[in-house]
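Visitor: Let me give you the structure first, and then I'll get to my questions.
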Amino acid sequence: MELVTKPLMYWVFISIIVFAAQLCNGFYLPGSYMHTYVNGDNIYAKVNSLTSIETELPFSYYSLPYCKPLGGIKKSAENLGELLMGDQIDNSPYRFQMNVNESIYLCTTTPLNEHEVKLLKQRTRDLYQVNMILDNLPVMRFAVQNGVKIQWTGFPVGYTPPGSNDDYIINHLKFTILVHEYEGSNAEIIGTGEEGLGVISESDKSKASGYQIVGFQVSPCSVKYDPEVMTSLHMYDNITSISCPSELDKYQVIKEQERISFTYEVEFVKSDIKWPSRWDAYLKMEGSKVHWFSIMNSLMVIFFLAGIVFVIFLRTVRRDLTRYEELDKEAQAQMNEELSGWKLVVGDVFREPNCSKLLCVMVGDGVQILGMGGVTIVFAALGFMSPASRGMLLTGMILLFLILGIAAGYVSVRLWSTIKGTTEGWRSISWSAACFFPGIAFIILTVLNFILWGSSSTGAIPISLYFELFFLWFCISVPLTMIGGFMGTRAEAIEYPVRTNQIPREIPARKYPSWLLVLGAGTLPFGTLFIELFFILSSIWLGRFYYVFGFLLVVLLLLIIVCAEVSVVLTYMHLCVEDWQWWWKAFFASGSVSLYVFLYSINYLVFDLQSLSGPVSATLYLGYSLLMAVAIMLATGTVGFLTSFYFVHYLFSSVKID
C-alpha cells in the first residue's frame with residue numbers, strides 16, 4: 001500500500017505545483033506590470049470573440065469577412081478560464097506607431113456572396129460587438145442616449161436604421177489612444193507582453209523612459225468607398241483623413257456583390273492618467289450611489305432581523321435551561337415525567353436520518369464550494385485578481401475547487417462515521433463526494449456544449465479541454481478527496497451526548513407541512529443576496545465589468561451569518577413541536593435560498609434580458625443559472641446544517657436527562 005501511495009502523492013504534488021505556477025500569472029495588483037514604448041514603436045491590436053447580449057453565443061472575429069493580418073491568423077495562448085468563457089483572442093491587421101497620427105487603408109474584400117451577406121446581416125441585427133484589445137486594454141466607445149453619456153466596451157459589427165430593411169457595416173474606425181509619458185530614471189521596470197516577464201538591466205534603463213498606453217477608445221462609422229480607387233492601394237498605405245458621414249446614402253450597405261473597404265485612423269493624446277489607474281475607467285460602475293444605498297439598506301435590515309432572532313433565541317433557550325438547572329433532583333425527576341417540547345425527543349434527536357450517505361456527500365461538497373468561493377472573493381477583494389488577466393478568476397476558482405477536495409473528503413467521512421458510529425464504507429463516501437457536484441456540472445455543461453457546437457460558437461468547450469478537465473479532476477481532486485476521507489477516519493469521532501432509543505418516537509400531526517416553513521425560510525438569506533446578485537448577473541450577461549468584491553465579501557459574510565441563524569431557529573422550532581427529523585430540514589432551511597436565486601434568474605431573464613432572443617440563448621442562460629443555484633444550495637445548506645448540528649449537540653449536552 002505504501003509503495004502505491006508514495007508515487008501517487010508525488011505526482012499529485014507535482015501536478016498541483018505545475019498548475020499553480022501557471023495560475024500565479026493571474027494574481028497581481030492592477031498596474032504592477034507595465035510596458036513602455038518609444039516614438040515610432042509598432043503596436044498591434046488583438047481581437048477577441050464577437051459577443052452579443054441578445055444571443056450570448058460568442059463567435060470568432062474572422063468568421064466574418066474582415067481583413068486578415070499579412071502573416072496569417074495566429075491565436076494567442078489562452079488559459080483554462082478563457083477557454084471556458086468562450087474567449088478566442090487572435091492577432092489583427094490593426095497596427096499603430098507610437099505617437100504617429102495617421103489614416104490607414106487596410107483592405108478591400110472580394111464581392112460579398114450570399115452566405116457572407118446573410119451572416120453580416122444576422123450579426124448586425126443580433127447586435128454583435130467587436131472586442132478589440134491593445135496593450136491588454138479593451139477598446140471603449142462612448143454613446144449618448146437620452147442626454148446621458150454611456151460607455152461601452154467594443155463596437156458594433158454594423159448599424160440598422162429604425163424601420164429600415166437595409167443594414168450597414170462599420171468599416172471605418174477612429175481610434176484615440178491615451179498615452180502617459182513615463183520617466184524611468186532610477187526604477188527597475190518589469191516589462192510584460194505575450195513573451196513573459198523580464199527585469200530591465202542597467203544598460204537598458206535609458207530605454208525605460210517612454211510612453212505607456214493608458215486608454216484605448218474608438219469612434220466607429222460606416223463609409224461608402226469607390227472600390228476601383230481603393231483596390232489600387234496596398235495595406236498600410238496612408239489616406240486622407242475621413243469625416244464620418246451623416247447621410248444614409250453615404251454609408252456602406254451590406255448586399256451581394258458589394259466590395260467593402262476597411263480603413264482606420266489613429267490619434268495619440270497625452271494623458272495625466274497613470275499606469276496603475278488606467279483600469280479605473282472600466283471598473284467604475286454606473287449608478288454607484290444607488291449601489292451604495294442598496295447595500296447599506298440591505299445591511300441594516302439584515303442586522304436588525306438577525307438581532308431580533310438572536311435575542312429571541314437566547315431568551316427562550318436560556319430560560320428553559322435555567323429553569324431546569326435550578327430544580328433539585330426530586331423536582332427534576334418529576335419534571336422528566338412531564339417533559340414537553342424539545343426535551344421529549346431526547347431519545348430520537350440523533351437518530352440516523354433518511355439518505356444519510358447523500359447528506360454526508362452534499363455537506364462535504366458544500367464545504368468544498370464554500371471554501372472555493374470564500375477564498376476567491378477574499379483574494380479578489382484584496383486586489384490580487386486583476387481584470388487584465390482574462391479568465392484567471394475562473395481558473396483560480398477551478399484550482400481552489402480541486403485542492404479543497406481534501407476538505408470535502410474529510411467532512412463527508414467524519415460526518416458519516418459520526419452518524420454510523422463506524423468508518424466502514426469511507427471509500428465509497430469519499431468517491432461519491434469527489435463525483436457528486438462535478439458530475440452534475442459535467443452533465444449540465446455537456447448538454448449546453450452540444451447546443452454550442454450545433455451553433456458553431458467559440459463558447460463550445462473543445463474536446464481537448466474536456467480531457468484536460470477530466471485529467472485535473474481525476475489526478476488532483478479525486479486523490480485529494482480520498483486523502484481527506486482517510487484523514488476523516490483518523491479523526492476522533494463526535495460522540496452524541498444522549499443515547500438513541502431503539503423504537504422511534506411518533507411525530508405528532510401538524511396542521512400544515514413542515515416543509516412550507518423550510519422553503520419560506522430561504523427568503524431571509526435571499527434578502528441579503530439579491531441586490532448583489534443583480535450586479536453579478538449584469539456583469540455576466542450584459543458584458544459589464546464586476547470589480548466590487550469588497551461588497552461581495554461583506555454580503556458573503558452576512559449570508560453565512562443569516563443562514564446559520566435561520567437554520568438554528570427552524571431546527572429549534574421543529575424540536576419544540578417534537579419533530580426529531582431535523583437533519584434534512586436544517587440543510588434545506590438555508591439551502592432553499594437557491595430556489596429563490598433560480599426564480600430570480602428567471603425573473604431577470606424575462607424583465608432585464610428582454611433582448612435575449614431565441615430558445616438556444618434562453619436554454620444556455622437557464623442551464624448556467626441552474627448550475628449556479630445547485631452550487632449555492634450546497635454551500636448555504638452546509639452552513640445551516642453544520643450550525644444546527646453543533647447547536648443540537650450543545651443543547652442536549654447541557655441537560656442531563658435519564
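Every residue gets a Cβ built from N, Cα and C, even glycine.
Because TrEMBL annotations are produced automatically, they should be read as predictions rather than curated entries.
Pulled from TrEMBL, these are the listed features:
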{"type": "TRANSMEM", "residues": "7-29", "note": "transmembrane segment"}
{"type": "TRANSMEM", "residues": "292-314", "note": "transmembrane segment"}
{"type": "TRANSMEM", "residues": "358-385", "note": "transmembrane segment"}
{"type": "TRANSMEM", "residues": "391-411", "note": "transmembrane segment"}
{"type": "TRANSMEM", "residues": "431-453", "note": "transmembrane segment"}
{"type": "TRANSMEM", "residues": "465-487", "note": "transmembrane segment"}
{"type": "TRANSMEM", "residues": "515-541", "note": "transmembrane segment"}
{"type": "TRANSMEM", "residues": "547-570", "note": "transmembrane segment"}
{"type": "TRANSMEM", "residues": "582-602", "note": "transmembrane segment"}
{"type": "TRANSMEM", "residues": "622-648", "note": "transmembrane segment"}
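Describe the structural context of each listed feature in the structure shown, including burial, neighbouring residues and relevant distances.
Guide: For the transmembrane segment (358-385), the list of distant contacts is 26-30, 392-393, 396-397, 400-401, 404-405, 407-413, 415-416, 419, 429, 432-433, 436-437, 549-550, 552-553, 556, 583-584, 587, 631, 634-639, 641-642: same-chain residues at least six beyond its ends, Cβ to Cβ under 8 Å.
Remote same-chain partners of the transmembrane segment (391-411), defined as residues 6 or more beyond its termini with a Cβ less than 8 Å from a stretch Cβ, comprise 16, 19-20, 23, 25-27, 78-85, 87, 363-365, 367-369, 371-373, 375-376, 379-380, 385, 430, 433-434, 472-473, 476-478, 480-488, 491.
If one looks beyond the transmembrane segment (431-453) by at least 6 residues along the same chain, the residues whose Cβ comes under 8 Å of a Cβ in the stretch are 57, 357, 360-362, 364-365, 368-369, 405, 408-409, 412, 459-461, 473, 477-478, 481-482, 485, 616, 619-620, 623-624, 626-627, 630-631, 634.
Panel annotation: around the transmembrane segment (582-602), residues 349, 353-356, 359, 362-363, 514-515, 518-519, 521-523, 525-526, 529-530, 533, 537, 559, 563-564, 566-567, 570-571, 574-575, 621-622, 625-626, 628-630, 632-634, 636-641, 644-645, 648 of the same chain, lying at least six beyond its termini, place a Cβ under 8 Å from a Cβ of the stretch.
A Cβ distance under 8 Å defines the sequence-distant neighbours of the transmembrane segment (622-648), meaning residues of its chain 6+ beyond its ends; these are 349-350, 359, 362-363, 365-367, 369-370, 373, 437, 440-441, 444-445, 447-448, 525, 559-560, 563-564, 566-568, 571-572, 575, 582-583, 586-595, 597-598, 601-602, 605.
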